[in-house]
Amino acid sequence: MTTDGHVAYFTRTNDPQHKQDIIAFQDRGTLNDNGLFQESDHKLPDDQSDKTWQFQDIKDMQTSRNRWRFGTVLFILTTVLCLVVTIYFATASRPNKSENAHGHLNLQRKTENLTKIKGFTETKGYTTKEDACVSSPCLNGGTCITAGRSYYCICPEGITGYKCAVTPCTSSPCLNNGECKVENDTYQCDCTVGFNGPECQETPCSVEPCFYNGTCTVLGSSFNCACTEGYNGSRCEVQRSCKYGWKMHEDKCYYFSSSNKNWRGAKSACQNLNSMLAEPKQMSDINFLKSNAKKFRKTFWLGGSDKVTEGVWVWTTSGQGFTVTDWYTRTVHEPNNANGVEHCLDIHKNLDYEWNDEKCLNKNRYICEKP
């Protein structure tokens with residue numbers, strides 16, 4: 001019923017030229033309450049008639065329209081949802097594949113490489129779940145437990161950290177190249193040769209085995225003591241002393257003569273004292289002899305000679321060649337074998353007590369050496 005009192009009719013016509021639903025508004029009498037529609041015969045223009053279903057009132061008509069609209073919307077949504085689901089499963093179950101130049105079948109990918117993000121693998125725009133523990137992220141024997149898209153590690157005793165990466169050996173407690181090994185909840189150090197202690201911190205020299213300020217040097221699993229002047233022994237425990245008139249330097253005693261002899265006579269004199277004509281083979285020995293010779297302001301014979309082969313200088317008692325020298329070379333370049341007769345070695349007072357070759361028959365003071 002309209003606001004002006006008319007009743008709305010749905011009429012279906014049989015006219016082949018008017019196959020449509022029309023709403024006719026005509027004056028009618030009082031409607032009954034037997035339903036939403038009331039059926040009645042209705043006379044149409046041009047003597048055509050058809051069944052007419054009449055709304056009881058305007059509210060019924062509105063209710064009918066709302067139902068129709070709701071049903072239409074629901075149908076459209078259901079259809080769209082079904083279509084989307086059908087397309088998704090159809091494409092997901094049949095990923096595109098292409099065959100490369102070598103005949104190998106490769107999965108087409110959305111990106112150039114597979115992208116793994118937080119336990120998922122992305123391929124051709126589709127994401128499939130992957131077990132987060134597949135890559136074995138737990139270290140040092142840790143057990144990986146999947147937790148949703150992530151994981152956590154159960155670590156063995158003594159090992160900590162998110163991935164069980166922290167062990168008692170992480171801080172490198174073993175010194176001096178010692179090897180650290182995990183033992184339950186602590187560590188054990190395997191020390192290299194010459195080191196010991198819980199952390200390989202001790203060496204054979206740690207206990208200071210050398211006496212009287214001797215210098216300790218590690219030699220494999222043992223040690224060597226370099227003794228100060230006046231001491232010797234494996235630990236410098238023996239205090240030495242030289243006879244009266246002799247001077248001690250390191251582990252040797254030296255005698256500076258007060259008489260003059262030729263080179264051969266000087267060598268014989270030293271032998272008579274159970275010693276030899278001095279053979280300084282390192283700079284510390286050379287400097288010691290030089291400093292003491294200066295005190296006497298004299299020239300002293302040493303035990304070197306090139307009498308056997310000209311220009312080849314050797315220590316005549318030990319038979320060893322020169323390894324360290326102290327020849328004078330400033331105003332005169334020694335050794336120069338002046339007049340072809342200089343074959344014996346001395347430290348010369350006029351050449352700043354540096355080495356000089358001299359005629360062996362000349363007489364000078366001499367220096368004797370003995371251990």
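Glycine is treated like the rest: Cβ placed from N, Cα and C.
Because TrEMBL annotations are produced automatically, they should be read as predictions rather than curated entries.
A disulfide bond in TrEMBL ties CYS236 to one cysteine from CYS227, CYS253, and that cysteine is CYS227. Reviewing CYS191, CYS210, the cysteine that TrEMBL connects to CYS200 via a disulfide bond turns out to be CYS191. Counting only same-chain residues 6+ beyond the ends of the domain 'EGF-like' (165-201), those with a CB under 8 A from a CB of the stretch are 139-140, 157-159, 218-222. Taking all protein chains in view, 21 other C-beta atoms sit within 10 angstroms of the C-beta of CYS200 (disulfide bond). Counting other Cβ atoms within 10 Å of each Cβ, the lowest count among the disulfide-bonded residues CYS191, CYS236 belongs to CYS191. Distance noted between the C-alpha atoms of CYS227 (disulfide bond) and CYS200 (disulfide bond) is 27 Å. CYS236 (disulfide bond) and CYS191 (disulfide bond) are 28 Å apart (CA-CA, integer value).
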